[in-house]
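Taken verbatim from Swiss-Prot:
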type     : residues : note
COILED   : 446-504  : coiled coil
COMPBIAS : 405-423  : compositional bias 'Basic and acidic residues'
COMPBIAS : 433-445  : compositional bias 'Acidic residues'
COMPBIAS : 451-478  : compositional bias 'Basic residues'
COMPBIAS : 489-504  : compositional bias 'Basic residues'
DOMAIN   : 283-403  : domain 'Nop'
REGION   : 405-504  : region 'Disordered'
Amino acid sequence: MAYVLTETAAGYALLKAADKKIYKSTTLLEDLDTAEKVAEQFKVHRFEKFSSAAGALEEANAVIEGRVSETLKKFLSEVKQDKKATLVVSETKLGNAINKLGLNFSVVSDAASLDLHRSIREFLPELLPGLDDNALKQMSLGLAHSIGRHKLKFSADKVDTMIVQAIALLDDLDKELNTYAMRCKEWYGWHFPELAKMITDSVAYARIILTMGIRSNASETDLSEILPEEMEEKVKTAAEVSMGTEITPIDLENIKALAEQIVDFAAYREQLSNYLSARMKAIAPNLTALVGELIGARLIAHAGSLTSLSKAPASTIQILGAEKALFRALKTKHDTPKYGLLYHASLVGQATGKNKGKIARVLAAKAAVALRYDSLSEERDDSGDFGFSVRAKVESRLSALEGRDMRTTSKVVREQQKIEIKEAPQYNADADAGGDSDDEEEEEEPEKKEKKEKKDKKEKKEKKEKKEKKEKKDKKRKRDEDDEDDKKKSKKDKKSKKEKKEKK
């Protein structure tokens, strides 16, 4: 005997098949291509309606996740049968879960059975009495919307997509600002080259251009709102003796247009930075307290979402952002990187070279806990107290490693050390009295004598070794010289013999 379990928007349907090996057929689509053939092959054995729309959503989610709900378990256990029957289901995970229940069913869920379910769902209204096509479509649409809302879990306060986009835009703005500022300095530098050396701030440079215009207006222009008094005097003095060339009004107009862009971009960047800071404190307050807004936002953007990042282990968080270096190290069998984006965190920056890796590991472990607290905690806490308390622990660990008191930014106040007033040391006049040299030798400690003897022995040994090395070197050099002399002598003898032969 074969049964087919069909999940609908209205409820669970258990269909009894006339052919118990129907699911093994290779021509299913041809055998079940009309409503009459489907109705002839399958009869409704049991049908369990859902109590409400919320109940339908709960059951649908259970099927998607591969869980057997209490309703489905009760529905299947009430089927009376003598022999073990075959149960065809559409979801493989659900089939495995039903098998574990130990019911009197042999569960089948494979690629071939999908054609069977496709044919049944196509002609489902004909099989289920009291359900017309329009009613079933409306139920399916309503359930689809409910599942969509459930998956999205939309919340105005927990939208981490805003953070991902904001940090990406912030990086783009920084690049644009740097490019525009460089272009503006090079452009206006032809007219007033000395200004770029005195004013390093790009926004202040652009505001001076907008306020002053050409350098001849410097003496009449008030720059007190942009620069301090001393710097203002320097700029005005430099403008009078500038080595720059003259520019036309059209040139100045275009330079001013670029300067306006720089000022506007800088103002928008500050606004975006404040927005990102507020969003981070709302979405991940504990992570923000631990690593800061920018590093936290970059970590979330790199992982894709706060939930994905919260599920990552501490080891992954530690090297997040250093994937290229990691895979290169694994490929070449070298040491793997110790830190990625966390390298720019203030706590890692305070550590010296040898301790950076240790602090990065500690910080990653604490960040993993803070992330889970932010993302998965049932109780909402925007204060970030947990993050500040964890940061204090990391700071104390850093202080222990560095051997010095580190500057803290946490809310946890350290206990102030009690100031002990000690008596000032007095001059000891008796220490001036010196004894004879013989007495001093007698009073010398035995430990010092031992050290001195060891030192003397070591020096003698080193001298002996040096002497032996020198003797060996001299012998070798002498031997080489003798060999060379012998060679020269033999050559000379040969030459003289040859000359004698030639004379003869």
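Indices start at 1 and increase along the chain as displayed.
Every residue gets a Cβ built from N, Cα and C, even glycine.
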Using DSSP, what is the helix/strand/coil residue split across the domain 'Nop' (283-403)?
90 helix, 0 strand, 31 coil
Helix, strand, coil residue numbers for the compositional bias 'Basic residues' (489-504) per DSSP?
15 helix, 0 strand, 1 coil
Could you give me three numbers for the compositional bias 'Basic residues' (451-478), the DSSP helix, strand and coil residue counts?
28 helix, 0 strand, 0 coil
Tell me, what is the mean pLDDT of the coiled coil (446-504)?
78
